[in-house]
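Asker: Sending over a structure as structure tokens; questions will come in a sec.
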Amino acid sequence: MTDARATPSVLGARLEPLAWLLLAALLAQGVALALGSVSIAPDELFQVLTGGGEALHRTLVLELRLPRSLAAFGTGALLALAGALMQVLLRNPLADPYVLGLSGGASVAALAAMLAGLGTALVGGAAFAGALASTLMVFGLAHGTGSWTPTRMLLTGVVMASGWGAVITFLLAVSPVERLPGMLYWLMGDLAYAGSPWPVLAVAAVALAAMVPLGRTLNVLARGGLQAAALGVAVRPLEWTLYLLASLITAVAVTTAGSVGFVGLMVPHMLRLRLGNDQRLILPASLLAGGTLLTLADTLARTLIAPQQLPVGVITALLGVPTFLYLLHRSR
Amino acid sequence: MATPTPTLETRDLVVDVPGRPTGRALALGIAPGQVWGVLGPNGAGKTTLLHTLAGLRPPRSGEVLLEGRALPGWRRGALARRLGVVFQERHDDFPATVRETALIGRHPFLSPWQQEGPEDHARAAAALARLDLSHLAERELATLSGGERQRVSLATVLTQAPAIWLADEPTNHLDLHHQVAVMGLLAEQARRGGAVMMCLHDLNLAARWCSHLLLLYPGGEACWGPAEAMLVPAALERLYGQPLTTAWVDGAPVFVPKR
């Protein structure tokens, strides 16, 4: 029978795409470190990374570009992972980390902090608080007195998001002109003020480690709540865990880089078209591919019209919209 | 011969059908070897009953006992190792192959860190073969016909191999041959010591294959018992509000609706 042989190859089939994605992630880091106002040749870059090279290049690579490229990787990884989790939670392949109004809540709080003239750290803190407040509001309202269903949660989140959208427009309308560019950059996502990359990377690693043992359970949950319950899944606690975890990691991503769009929607969806929907593969693959995509997008954002920088969200959306429409058009 | 001890029992069970004031309290005992058919018109509460028996929704009153213990006292995983459900509705929102879908039947038997092993794959392959699906194993669910998709659902539960099968219209969308094959499969589970309860719309399949019947009337009335005692034309005519003609073929009644 073919089936006895099928087992090891299943695991192998899962590891092979991950190996390629890991290679792509490393190459993207290399590109991000090499490109910029001063381009650095691959052999020089290797010297710098192994402890040699010119002093200027060392400063450029290790102190300026590396923290930013790692922050881009971590943020993209978190957004894609959150997207993959939200899609399973809401049983909707078109859900994204922001669909439940989370980025709206974060944006309102961050813009209000900017309007009040607070510094970068406080803006980040406000964004985090706003994201969690919005999460809890959506959860409380969707829970309500009746039954909790993915559709009800999705509707609550979508309506909440449009509410936040109105408040954002209001805040922009009443803000003094000199604050507007900073606000718009924040709304489109920008890694220029990302700070230390370690929080996002650590959260990404912890979230992945927490989710991998749940992979097969998530596969079953993707078949619907009743089917999952009939196969022994404690559906409600699992959904709460998913919701809180996805919200938390989105909040961390938004706090780091503002609301970068399309990574969370596009990456898991594109991977699913190629790799199927086994969460044991899709979750780590999303993490790697999301990180790679945002690293490259951020490199473009700071080199395309250098010395000026573009908000990275512009790049992800400009790449994302046509790619997504093409894939959607091509699918059934 | 002594009646075998029921594995699945209901005590004063009233299922929670929305908008229905009350209903007859059910005291059912489903024992190994028995094949129960649940008959009733649309909206009589057949699916609700099945979901209640599976512990997927709480009853309005009364309780369901599995192996003598009330359902809320069971962990979901332990329940899933004993009791399988064939659903009428499915949510294929994400891509999945036929083989993957059969294989999720092994989920209750695997720990979080465990991968599906050769034995799990062999069980899934055997279930697919039993339901004539081997040639479709690598196909996407979205490309299947309604009847093929229905057989995949049955293959998932066959892979799960529960002692108790709760099947909601298992012959839905199936052609004549596969209807008979599936009824044969369910009867075989009972012969091997399993217990089966299924909702059916086809009186004649019920008459041919079921050992026991539960008739659910739209107002919440119900009656149940051995099949031969329940297959009374007058009762069935009242059940569906439909006059019937009865014929006898191979010693079993055949019911044909009058025009």
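Just so you know, glycine gets a Cβ as well, placed from its N, Cα and C.
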Asker: Of A:17-36, A:97-116, which span is tagged transmembrane segment by TrEMBL?
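Answerer: That would be A:97-116, the stretch labelled transmembrane segment in TrEMBL.
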Asker: Considering only Cβ pairs under 8 Å, which range in A:97-116, A:154-175, A:195-213, A:244-268, A:309-328 makes the most contacts with the transmembrane segment (A:70-90)?
Answerer: A:244-268
Asker: Going through A:97-116, A:122-142, A:154-175, A:244-268, A:309-328 one by one, which has the most CB pairs that fall under 8 Å from the transmembrane segment (A:195-213)?
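Answerer: Between the stretches A:97-116, A:122-142, A:154-175, A:244-268, A:309-328, A:244-268 has the largest tally.
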Asker: Most CB pairs under 8 Å with the transmembrane segment (A:122-142): which of A:97-116, A:154-175, A:309-328?
Answerer: A:97-116
Asker: In the same chain, who gets a Cβ under 8 Å from the transmembrane segment (A:309-328) while lying at least 6 residues past its ends?
Answerer: 72, 184-185, 187-192, 257-263, 265-266, 269-270, 273, 293-294, 297-298, 300-302
